[in-house]
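Taken straight from TrEMBL:
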DOMAIN    B:32-135  domain 'Cytochrome c'
DOMAIN    B:164-240  domain 'Cytochrome c'
SIGNAL    B:1-24  signal peptide
Amino acid sequence: MTLNRRTFIATGVATATMAAPMVRASGKPRVVVVGGGAGGATAARYIAKDSKGEIDVTLIEPSRQYYTCFFSNLYLGGFREMQSLGHSYGALASQGVNVVHDWAVGIDRDAKTVALAGGGSVSYDRLILSPGIDFIEGAVPGWSVASQNKMPHAYKAGSQTELLRAQIEAMPEGGTYVMVAPPNPYRCPPGPYERISMVAHTLKATNPTAKIIIVDPKDKFSKQALFEEGWGKHYSGMIERIGPDFGGDKVSVNADEMTVDVDGEVIKADVCNVIPAMKAGRICEMASITDGNWAPVSGHTMQSRIDENIHVLGDACAQGDMPKSGFSANSQAKVAAMAVRGALTGSKVFPAKFSNTCWSLIDSDDGIKVGATYEATDEKIAKVDGFISATGEDAALRKATYEESVGWYAGITADMFG
Amino acid sequence: MSGVAKYLSAVALSAAAFLSPALAAEETEALGDADNGAVIFRKCQSCHAVGPDAKNKVGPQLNEVFGRKAGAIEGFRYSDGLIREGNNGLVWDYEHLDAYLNNPKALVSDTRMNFRGLKDEQERHDVLAYLRQFSASPRDIPEAQPTAIPKEIELSDEILAIVGDPEYGEYLSSECTTCHQRDGGDEGIPSITQWATEDFVTAMHAYKEKIRPHPVMQMMAGRLTDEEIAALAAYFAALED
Ligand SMILES: Cc1cc2nc3c(=O)[nH]c(=O)nc-3n(C[C@H](O)[C@H](O)[C@H](O)COP(=O)(O)OP(=O)(O)OC[C@H]3O[C@@H](n4cnc5c(N)ncnc54)[C@H](O)[C@@H]3O)c2cc1C
């Protein structure tokens, strides 16, 4: 038999050894997954696929179409259409995942039930939370979620990203784009800076005298040397960054006036992209499994340190040395899926392994990447080894790196959604 | 000893003056016997030409091959994998030529070089000594270290004999599919479906030992133990039955 994807699934089902299921008084063990993004969709798919029907998997996700944040910056740069970033849940449903399009609005940890906005509740033996991020109220004075239609964050992809692109296209000649960058830790460390690159790419073609200002509370940022080299090379004179040494950490905004106040100095913006400080998706707070802004977990299993029946994945968890990325969430989901199966059906559990690679695009065919591998220690998810693109790499390598990211996008979205 | 080898030894000796005595001994080994290499090269000649007026044949011509980026001769039809390795940074230096001659597929799985490899280390060194005469000033062979002991990917029988745990392999394989498309698509990232087991094991060890240049794969394979590579192979092999 030749090895292709179809047989890969089929034989996987047919030949795997069946582990002795835990004896239960009634029915199959139930897993409920909240959030159908990078972490949640992957976990639901792997548990359903690998348990071969022994576990009942329900995925709760309000949207029918998930728009990936990854590659949403490329949409701003004109490299991708929004439609190509949308993924539906049909294939997961046909692979045995019970998909419920609703919000989880409460968790009763004693009764082990999840309440749904549409009424009713679902009970679980294990609960997996992968709700992504929410913004910390008051993090940028003058900005609230109510201001997002004037000053978009575009840090959850979809209509926010479309709004930001429309605003960039409508900028007056020589106008000013301001980004208020977030403090650490936040979703996708290179994300804001890839976005700056993509906005510059668009403006260079349509509005070359426009200015881009980054107001940044951080001293340094991910892949900084690579981005700065690229900005100098492709967008010379267009981008200015105000770091904390010049008041980048003392910023407030006025959405009606479209102004940004940086330590007393007022900047008039034509587009103001505010990316506020972040915390775990609200449902984690509701479940009282957060400590500070994030949900602490054991790296061995991704189990909450507060409730062992709950696993927390992706951006919402305090993930040790791993950056908050879609790649990380996908990697953590596989560890959790294995641990959950082990606990519920007695299947074998192996030592957790994690990895991450984040590609960023600076300009056409100028891709860079950073990555690392990780392992679980009792204390945290700890880095093992890593690499980063070098400055001064030749054009062929940068082009290959970009092409690789396109391959990765196809790979991870197939891995998430089936 | 051929002229080339003597020349190299002489250069090495002068450089060795700056090195520790222990290193110096290693650095001054002869590269190989180019005259003998010329005889062995006859095996290669049906596909490769070298020397004045050498043209591409079934394989590319080999003048100036030392220090050349892999897959770089314009107009020659290379396999996708060879071009990719070139873009990843594979340069034909001594170490990589040696590994390639030993087992072409260790470096480039889909290579069109249909040759099982020269298993005799001395024969490889002799051929390389011969070929090196046609590369004037190889950039990536430090002149001072012509005999730096080349790494190579020769899997021991013990490694090949390890029986992996397919269930563990299944878990480990889930790391591969974050990037490698499950349907065998190879846009930007090579396909990992339909691999012969031994090619797979060889490729993973070549990344682990950093013979193949790709940094992500070096990192991913770098932390896999021999048993884990065997587990992956066992999992993939089980799918083939
Ligand atoms: C601009 C940008 C670029 C990025 N680029 C990359 C990149 O190149 N590579 C990379 O690896 N990562 C990238 N990321 C990061 C990546 O998108 C996130 O890290 C990843 O999506 C996190 O996965 P998650 O499962 O934690 O959350 P998400 O993918 O956000 O999924 C959370 C899901 O939970 C749902 N949800 C939330 N609350 C509830 C509730 N109460 N009930 C039911 N459902 C709920 C949401 O609707 C959502 O679908 C980027 C992010 C941004 C913003």
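All positions are counted from 1 along the displayed chain.
Cβ coordinates come from backbone N, Cα and C, glycine included.
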Mean of pLDDT values spanning the domain 'Cytochrome c' (B:32-135): 89
Tally of DSSP helical, extended and coil residues in the domain 'Cytochrome c' (B:164-240): 46 helix, 0 strand, 31 coil
Summary of DSSP states over the domain 'Cytochrome c' (B:32-135), given as helix, strand and coil counts: 44 helix, 2 strand, 58 coil
